[in-house]
Amino acid sequence: MNRQGSSVQASGIHADAPKTAIEGTTGPQPHRSRGRRFPAPLVTGTALIASACLVALISLWWTPFDLTGVDTAGSLLPPLSDGHLLGTDRLGRDVTSQIMAGARNSLIVGGAATGIAIVVGVVVGLITAASGRVAREVITRVIDIGVAIPALLVALVLATVLGPGRATVIAAIVISFVPWAARVSVGPARQILAREYVEAAFAYGRSRWYVMMRHVLPNIGSLIAVQAAIMFATAVLAEAALSFLGVGEPPPAQSWGRLLSESQSVAHQAPTLVIFPGLAITAVVLGFMLLGNGVHALLDPHQRRREMEARE
Amino acid sequence: MGRIALRSFAVLLGSALVGSLLVFGLLRLLRGDIAWVIAGQDAPVEAVQELRDELGLDRPWFVQYVDWLGGLVRGDLGQSYASGYDIAEQIRIRMGLTLSLAVLSLLLSLAFAIAVGTYAALHSGDGRGRALDLTAQLGISIPTFWIGMLLISFISIRMGWLPAGGYVSWREDPVGAIRSLILPVLTLSVHLGAVLTRYVRSAMLDILNEDYIRSAMAKGRTFGSAVATHGIRNGAVPVLTVGVLALGSLLTGVAVVEVVFSLPGLGRMLLDAVLSREVIVVQSLVFIFILMILVLNFLMDLAYGLLDPRIRDKRSVA
């Protein structure tokens, strides 16, 4: 990450960056100038994501109670009773175990959707950046329309014909993310393609493919990483909403959105059931948002300078 | 200005046509025979054939497409298959509620974002600014439907202050209508308000450092009036851009909130149609949602021209 970050600055995307190194310069990278290499949001975000991944991993081998164990006698227990840390739901299932297993679902959907969308979208973006004026105009128009169409709408269309399920959700999120990934990579890719060293590489006889992989991709990589983190957060939110609506993966799989939807009918008797799955979703989404924005701030000293000037 | 409006309108019509083709094509491509989708996988063959005849599914696809498009324009989309209601009439009845939810939330979020975002920009260096920024990130990260559920739990069930759901029409009981809209609009405004706040703050930070603010102050304006007369108009353009992008998520948010608060709007209707696999209802409603996004886009396009003469000139030259 750091290596890519400094190469972006060196390539001049943030040409005005070095000016920010006012107080106690310790190195060539401006973000070190304030003596703090990792800002708090970045650390918090990483910690939130790491714990979610850890919980999801542990749930593969161990959960406090059996995931499918139904016990109607012990239903709707309040938190901290009978060894149930977060209580039990309407069917007497342990909420802690359900939430742990739900982390798996959110991370799988978020990871798969973001991964596929980034690869496809960036390829589309690079092709667009490298193509002629007319083709670029046409593709850009199509991308603009695609960006305006929300994932939820695509998911509802897909669910009508394919039925609910994890594949439907992932496909819908991918369809709505690809134009987004393409849009954010076109501009920076064109900036890099206009540089002298790219011209030199072409003059030297390098192929377009080589230039894309060797020069363009590494230079826009950190920007794409930031977008990927924000996309991951958005995907987790979309998955939760779709599961809540009944379009996500059906039981016996666990998902946070469906836990919330099931808690609706018993909100009178067990208000805590409404709280915990929502907290879990918020924590993971916030983690990825903080990570994305933290990396962005690290790479964009321009913003930090504005903040410092505005303070005066 | 008139020429730009005309151009934007042409783009609107073109995009709407592309959108209708996409929705229609997607539903047909994914499952060639929608009679099976409607009737279910294990329906008897004769029943499926009957359905096919009745819906005219044996005709070529473009005849069906033109038929559907004509129906949309005339306001005649036939009957719902599972529940027997008149589709176009239901859409007309429910449209008002969905639009008022969207527009009220947009206005509330904008007002909130302009006030809080400006405040956060003015205090960006100290604790207040940082706390507001963190709050905004939190607001973006909370799932909309969960906020609705929490509000129902605490404001409606625990306190009993406002209804937990349902809707009375404006004509019957205006006070009741407002009371039933308060919580849904609040719910919808959290996410959008937080998104817009961050952009207002960012736009404001840019503006505060602009030379024209300094010039206005040099000629005797106070800082506040310089920002008010020169800054806000300049800051409105980037905020508007984000507003347009946020519209899509606002409208789907409306659909989810209608489910949480059991409000009889278009979103509730769409979800019911999806779960009972009513292809024609889904197709029409998804198109109407896309149309709403496009129309709002069109209006924002016009607003750009009014706000920024540079955009106006550039476009009329091109």
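Backbone N, Cα and C define each Cβ position, glycine as well.
The domain 'ABC transmembrane type-1' annotation in TrEMBL covers B:95-300.
Per TrEMBL, transmembrane segment is recorded for B:99-122 (among others). Long-range contacts of the transmembrane segment (B:99-122) within the same chain, counting only residues at least 6 positions beyond its ends with a Cβ under 8 Å from a Cβ of the stretch, are 128-129, 132-133, 136, 181, 184-186, 188-189, 192-193, 196-205, 208, 227, 232, 239, 243, 247, 250-251, 253-254, 257-258, 263, 265, 292.
With a cut-off of 8 Å between Cβ atoms, the residues of this chain six or more beyond the transmembrane segment (B:134-157) that come close are 116, 120, 163-165, 183-184, 186-188, 190-191, 193-195, 197-198, 201, 253, 256-257, 259-261. Residues or ranges marked as transmembrane segment in TrEMBL: B:134-157 (among others).
For the transmembrane segment (B:177-196), the list of distant contacts is 100-102, 104-106, 108-110, 112-113, 116-117, 135-140, 142, 144, 147-148, 151-152, 155-156, 162-163, 165-170, 239, 242-243, 246, 249-250, 253-254, 257-258, 260-261, 263: same-chain residues at least six beyond its ends, Cβ to Cβ under 8 Å. According to TrEMBL, the transmembrane segment annotation covers B:177-196 (among others).
The feature transmembrane segment is assigned by TrEMBL to B:239-261 (among others).
Here TrEMBL flags B:281-307 (among others) as transmembrane segment. Within the chain carrying the transmembrane segment (B:281-307), a Cβ under 8 angstroms from the stretch's Cβ atoms is held by residues 1, 4-5, 8-9, 11-12, 15-16, 19-20, 23-24, 27, 68, 72, 77, 80, 87, 91, 95, 99, 102, 233, 236-237, 240, 243-244, 247-248, 251-252, 255, 266, 269-270, 273-274, 315, all 6 or more beyond its ends.
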